[in-house]
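Q: Just dropping this structure here.
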Amino acid sequence: MLKKLFFILSKEDKNFLFFLLVFSVFISFIETFAISLVMPFITLASDFSYFDRNKYLISLKEYLNIPVFEIIVYFGVGLIVFYVFRALLNAYYFHLLARFSKGRYHAIAYKVFSKFLNINYEKFTQKNQSEILKSITGEVYNLSTMISSFLLLMSEIFVVLLLYALMLLINYKITLFLSIFMVLNAFILVKILSPIIKKAGVRREEAMKNFFEILNTNLNNFKFIKLKTKEDGVLSLFKAQSEAFSKANITNESVAAVPRIYLEGIGFCVLVFIVVFLVLKNESDISGILSTISIFVLALYRLMPSANRIITSYHDLLYYHSSLDIIYQNLRQEEENLGEEKLSFNQELKICNLSFGYEGKKYLFKNLNLNIKKGEKIAFIGESGCGKSTLVDLIIGLLKPKEGQILIDEQELNANNTKNYRQKIGYIPQNIYLFNDSIAKNITFGDAVDEEKLNRVIKQANLEHFIKNLPQGVQTKVGDGGSNLSGGQKQRIAIARALYLEPEMLVLDEATSALDTQSEAKIMDEIYKISKDKTMIIIAHRLSTITQCDKVYRLEHGKLKEEK
């Protein structure tokens, strides 16, 4: 567990974790010292004669030159001040504990999200979107809870060990008996409850995975659900997983309460036993054992919550262990390491003996060859599933050939120059996603807003008239997924987004297939008009959209056949 946790945490986090562990040891000494002070205080307060019998107390009384009761009062006040200091120190420690454990949610979520953004495209296409969302949200939060439980476990172990040492010094016989009795009961608790917690943790992880899957799938098919009136069926699926998730958490919470209830009862019985044992042993001098009884009462008062926290924290480690495994596996994914080498595209792009197949599947292409000249407009046609989009993904550098190479002006496309090459490409997909922000933000897509460039691409994409009639202009919100816009308006925003990057190559992946023939023809005319000097690659189903292309290739059985 520690190996995986240290892999996930940064160097700064590990250093702070070490500091917290050292601080917890210091807190443990303070706790033990605070309890140890109670015994002499009660002893002296119950019998002033100690100041006449103990040479150190005699010297102290002579040095202070004040009545004994005043010494006891000052001792009591000092004890109160020390306990207040102890309480403040504990509060500060738990603040640091919460800041570290819950603060890791941000740091680890950022690392996991960054990892997903930086894995290669082929690996990403094999991921389940709901799994990614679950990892970044639920599993990372669970891991932060697990870290908190781990630190609390270590802190309480230190407290228990030091208090145990103190109790051994006071009365080793009672302490040894107490140890055997408590360890035996704790062992029974752990053996009985741990399997229940583990099974609940597995059920929680499985239910959570299905929970996110159902949400993701059905929210993306809302129109179909409404049309087919499938609400009841969807709710039934959601209810089953939501209940499974709740039941797993109920089991965990219920089992977590058992150690406290059980140990409180056992602790009370042990306390009564200690008092009875000491009274029977010292029948003639009850006042002499008052301090011993007091110290054991205080020690047990502090040990019972510690024992409960240790068992509960251990159960949390078991319950959330799957979250640690999931985050660890996510962060171990190999990243796409791209260099900053420049790549010029002034003459032509060559595909030489290219072969490709997705991992674990047969090759889609074998020994494919193709030349695309700078400024040329080409189209790929073919049956659905023949590999048109995959071929384009290879051409634009998202996928890497298994065999063969892609040459840009006779320079091989590789990890060193792919990043620069991708920046030369404007991409308009079939399924356009607009986020719930302004038109301007959707066009610039995270880049700084250049008003001159923004106005130019709005004009090029024929959005000028539409935006002028909007009360808020380019600051108008488009709605989630562009729900406030028509299909044609979304398409034009996607075109403006692609043009804003000032690309040298424009790629349309069935970008107008969702439009009617008239709208499609109009938008394609606009695209051809504004892309005179750009290289264009088009994937199309309708031949009417590619009449102005220089070349048309049909992809069939992994082979390209020129049709124009």
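Including glycine, each Cβ sits where the backbone N, Cα and C put it.
Quick paste of what Swiss-Prot says about this protein:
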BINDING   GLY382, GLU383, SER384, GLY385, CYS386, GLY387, LYS388, SER389  ATP binding site
DOMAIN    17-319  domain 'ABC transmembrane type-1'
DOMAIN    349-564  domain 'ABC transporter'
TOPO_DOM  39-76  topological domain 'Extracellular'
TOPO_DOM  277-292  topological domain 'Extracellular'
TRANSMEM  16-38  transmembrane segment
TRANSMEM  77-98  transmembrane segment
TRANSMEM  150-170  transmembrane segment
TRANSMEM  174-197  transmembrane segment
TRANSMEM  255-276  transmembrane segment
TRANSMEM  293-314  transmembrane segment
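Walk me through the surroundings of each of these features.
A: Under 8 Å, Cβ to Cβ, and six or more positions away along its own chain, LYS388 (ATP binding site) finds PHE380, ILE381, GLY382, ILE539, LEU555.
Averaged across the domain 'ABC transporter' (349-564), pLDDT for the predicted model comes to 86.
Among residues of the same chain six or more beyond the transmembrane segment (174-197), those with a C-beta under 8 A of the stretch's C-beta atoms are 164, 167-168, 251-252, 255, 258-259, 262-263, 266, 270, 274, 277-278, 296, 307, 310-311, 314-315, 318-319.
Long-range neighbours of the transmembrane segment (293-314) within the same chain, counting only residues 6 or more positions beyond its ends whose Cβ lies under 8 Å from a Cβ of the stretch, are 31, 35-36, 38-39, 42, 149-150, 152-153, 156-157, 159-160, 163, 166-167, 170-171, 174, 182, 186, 189-190, 193-194, 256, 259-260, 263-264, 267, 270-271, 274-275, 278.
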Q: Do any residues of this chain, six or more beyond the ends of the transmembrane segment (16-38), have a C-beta under 8 angstroms from a C-beta of it, and if so which?
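A: Apart from its flanks, the transmembrane segment (16-38) reaches 9, 79, 82-83, 86, 89-90, 93, 96-97, 100, 151, 154-155, 158-159, 161-163, 165-166, 291, 294-295, 298-299, 302.
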Q: Can you work out which residues elsewhere in the same chain, 6+ from the ends of the transmembrane segment (150-170), have a Cβ less than 8 Å from its Cβ atoms?
A: 5, 17, 20-21, 24-25, 27-29, 31-32, 35-36, 39, 93, 97, 100-101, 176, 178-179, 292, 295-296, 299, 302-303, 306-307, 309-310, 313-314, 317
Q: Hey, which of the binding-site residues GLY382, GLY385, GLY387 is the loneliest by Cβ count within 10 Å?
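A: Minimum Cβ neighbour count within 10 Å, taken over the binding-site residues GLY382, GLY385, GLY387, occurs at GLY385.
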Q: What counts of helix, strand and coil residues does DSSP assign across the topological domain 'Extracellular' (39-76)?
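A: Tallied per class, the topological domain 'Extracellular' (39-76) gives 31 helix, 0 strand, 7 coil.
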Q: Using a Cβ-Cβ cut-off under 8 angstroms and a sequence gap of six or more, which residues of the chain neighbour CYS386 (ATP binding site)?
A: LEU555, GLU556, HIS557
Q: Of all the binding-site residues given, SER384, SER389, which has the fewest Cβ neighbours within 10 Å once its own Cβ is left out?
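A: SER384, out of the binding-site residues SER384, SER389, has the fewest neighbouring Cβ atoms within 10 Å.
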Q: Taking the Cβ of GLU383 (ATP binding site) as reference, which residues of that chain separated by at least 6 in sequence fall under 8 Å from it?
A: GLU556
